[in-house]
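K.L.:
Here you go, one structure.
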Amino acid sequence: MAIINMTDLDLQNKRVLIREDLNVPVSDGVVTSDARLRASLPTIQLALKKGAAVMVMSHLGRPTEGEFNAEYSMQPVVDYLAKALDCPVRLVSDYLDGVDVNVGEVVVFENVRFNVGEGKNDEALSKKMAALCDVYVMDAFGTAHRAQASTHGVGVYAPIACAGPLLSQELDALGKALDNPARPMVAIVGGSKVSTKLTVLESLSTKVDQLVVGGGIANTFIAAAGYKVGKSLYEADLVEEAKRLVANARSRGGDIPVPTDVVVASEFSPTAAATLKSVADVTDSDMIFDIGPDSAEALAKIIEQAGTIVWNGPVGVFEFDQFGEGTKRIAQAIANSKAFSIAGGGDTLAAVDKYNIADKVSYISTGGGAFLEFLEGKELPAVAMLEKRGA
């Protein structure tokens, strides 16, 4: 990829505009989960070290475009960054007509979604943003799949457009996992619906040696194998699609195994009583919430022998401990594996945290939708723009 990297540029006395993904949960004016903010710090610190005047922008939440709403202000992020960087950080509300920023200083722009035209990648807005800087740095993998003014348009018109270290790491890790994977390659795809992950399943099924499905997705495959799923979440209209995916996998010498044992309950609640059953014994009143220990052990063996592991989605309702053993065993197997492993998606990251394996996963992707679209083989607009500007 012919992308210019920020690390290679001379930024001395340059006005540098960095698009980060600082979209974090905020409660009562305080950031409640700082993973994305922590991930952005090295890029901001590097720009300062290189002698730049630093401007940072991001979206936060989903405010009505073009309207200021204090609930979605970047102020809590500014407070956090000032502490973390140990230097004054200013919030700038009106920045489109010019910003006073000195070398060695950091300013944060107010929520980019307060600008009319952000979502539609408006040309006039993009040009105004581009005029603020000498160098534009795209460092927000989490929004790389969206062609918006702050992620795409600004980079088209900026004097120089480059990738920040965080984005570069992400693209390198995903490339390593997908373009030239160590074999055997195993993908674990969980989540509630086949429909939202169908293109991911199709794309991965042509690349991987073993595809593992979990969560509500697995229920549709269980139904496709001819078993009852009771009152479980599944998609009857996609049973034929599931059969086709299994047949395709088998024709290439692989498989998409369905669980042999499952954990069921009669209701979805934190206090629901869990019962272990053979998949053949599921009744009409059962709801499947996890894979059983035999299935988890079989999948763990597959994972432990892998050369590359891609994990997107839990295999059960792990938020409730009685339905978390399957996901826990999968997490342990990934942690114990010598394979190159990459995990992404919100629920997956929550599982990584819950089972304390973050330091055992080779790479944790910060992008939810962008991670999925990369797995689907789709072109990410922000990345395509950077390639064009680097050519």
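Positions of Cβ are set from backbone N, Cα and C atoms, glycine also.
Grabbed the feature section from Swiss-Prot, which reads as follows:
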| type | residues | note |
| --- | --- | --- |
| BINDING | Asp21, Leu22, Asn23, Arg36, His59, Leu60, Gly61, Arg62, Arg113, Arg146 | substrate binding site |
| BINDING | Lys197, Glu319, Gly345, Gly346, Asp347, Thr348 | ATP binding site |
K.L.:
Near the Cβ of Gly345 (ATP binding site), how many other Cβ atoms are there if near means within 10 Å?
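P.N.:
Step by step: centre on the Cβ of Gly345 (ATP binding site), count other Cβ atoms within 10 Å, giving 23.
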K.L.:
Any same-chain residues 6+ apart from Glu319 (ATP binding site) with CB under 8 Å of its CB? Would you list them in sequence order, or say none?
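P.N.:
Within the chain, Glu319 (ATP binding site) has Cβ neighbours under 8 Å at Ala350.
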K.L.:
What's the most sparsely packed of the binding-site residues Asn23, Thr348, counting other C-beta atoms within 10 A?
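P.N.:
Per-residue Cβ counts within 10 Å for the binding-site residues Asn23, Thr348 bottom out at Asn23.
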K.L.:
Could you give the maximum C-alpha to C-alpha distance in Å for the residues Asp21, Leu22, Asn23, Arg36, His59, Leu60, Gly61, Arg62, Arg113, Arg146 that bind substrate per the record?
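P.N.:
Between the most distant Cα atoms of the substrate site, 18 Å.
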K.L.:
Gly61 (substrate binding site) has how many other Cβ neighbours within 10 Å of its own Cβ?
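P.N.:
That number is 14.
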K.L.:
Which of these binding-site residues has the least crowded Cβ, counting other Cβ atoms within 10 Å: Asp21, Asp347?
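P.N.:
Candidates: the binding-site residues Asp21, Asp347. Fewest Cβ atoms within 10 Å: Asp347.
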K.L.:
Could you tell me the maximum Cα-Cα distance in Å between the residues recorded as binding ATP, namely Lys197, Glu319, Gly345, Gly346, Asp347, Thr348, rounded to a whole number?
P.N.:
21
K.L.:
How many other Cβ atoms are found within 10 Å of the Cβ atom of Arg113 (substrate binding site), counting all protein chains shown?
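P.N.:
Other Cβ atoms within 10 Å of Arg113 (substrate binding site): 24.
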